[in-house]
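Reviewing the structure listed below.
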């Protein structure tokens, strides 16, 4: 069954134009093509990024936080109590008064001590400001690095200025070393974010949106790698990263209570977000993926619909986040 599913998944009509087979993508005459098996390397790269994250958060973010006046608040741990711990994990973190009285009798202690235990235990679940700063610092560092690297990789490429160039010579477009490392770093980064979802700061408002975004990003980048849509893929990654590091910088200064700096950075982020995600992405990237391929092939392959479906999911997330950003800006202006 697995062998049959594998043959269906790699059927040429899914990935490439008519009269093209996987044999055409063997390296030859100085042409190098992306290979699906290279994506396995993104998992080890994700663990390398996690190691880099650990050292950067510990030895760079913490001293920077102290310099900005952020203190590491030590929370008092509740006394070990298997009965209360089991109830906290399996039943409720906010027991009612009658439940507290029942637990007090079961543990042979006062109601006040049980209330105090639950309060302290809930406080341990809330991330400290320093922990939030460390996470924002890591994301800021990666997005800034990837934005600078992306510009260096793309500024001298013709498709950075003329989107039609992304389809010239397709599908026989050679893979550049810069494109390989750009893809490996980006996919590895989103794998690392998925690996740490359970320990990173919980986002109540858009947790599910982040999970969908990470999965869609990994699927989209991996699929574009297999179908050799690498030129368009690097443009998509660059458009996304150039706004994100402004938001993470605003978070860092917000945690440090530098309100004016935070407000200024958030306004810059909002402008960058609306330019890149609400204007450039749909009218530049989506135009190149939805409209321009019809000039090169009269019969769209199945991958055309798969990739554009994922890109439209991303655009839906952009509109959702744009709505949230607009609400924050409106409060900022109206309520000062």
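Each Cβ is built from the backbone N, Cα and C atoms, and glycine gets one as well.
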The residue range that TrEMBL labels DNA-binding region, out of 10-47, 48-85, 86-123, is 86-123
Which range of 160-179, 180-199 is transmembrane segment in TrEMBL? It is 180-199
Within the same chain, the residues 6 or more beyond the ends of the domain 'Homeobox' (84-122) and with Cβ under 8 Å of it are 75-78
The domain 'Homeobox' (84-122) resolves under DSSP into 30 helix, 0 strand, 9 coil
